[in-house]
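Colleague: Sequence annotations record features per position, and here Swiss-Prot assigns domain 'Carrier' to 2-77 based on sequence analysis. According to Swiss-Prot, the O-(pantetheine 4'-phosphoryl)serine annotation covers S37, on the basis of sequence analysis.
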Amino acid sequence: MSDIAERVKKIVIDHLGVEADKVVEGASFIDDLGADSLDTVELVMAFEEEFGVEIPDDAADSILTVGDAVKFIEKAQA
């Protein structure tokens, strides 16, 4: 797992209080990890702060899984 993926995983665990083994690439924040719409907004804000990237609202709407977040951040930092 990449450094970005590890950091995303830690943020998700900290914000949602889920077990580490549930935070996998294909895990949906809402369907698999129990996040609600406020949780997803808070996650996006945490990703922006942690990685120093801006995630526009339209992009945030397409970040549905842990893997989506990792891919967006990797692309934004490239």
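Heads up, the Cβ atoms here are built off N, Cα and C, so glycines get one too.
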Colleague: Inside 10 Å of the Cβ of S37 (O-(pantetheine 4'-phosphoryl)serine), count up the other Cβ atoms and send me the figure.
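Modeller: Its Cβ has 9 other Cβ atoms within 10 Å.
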Colleague: Would you list the DSSP helix, strand and coil counts for the residues of the domain 'Carrier' (2-77)?
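Modeller: Summed by class, the stretch gives 48 helix, 2 strand, 26 coil.
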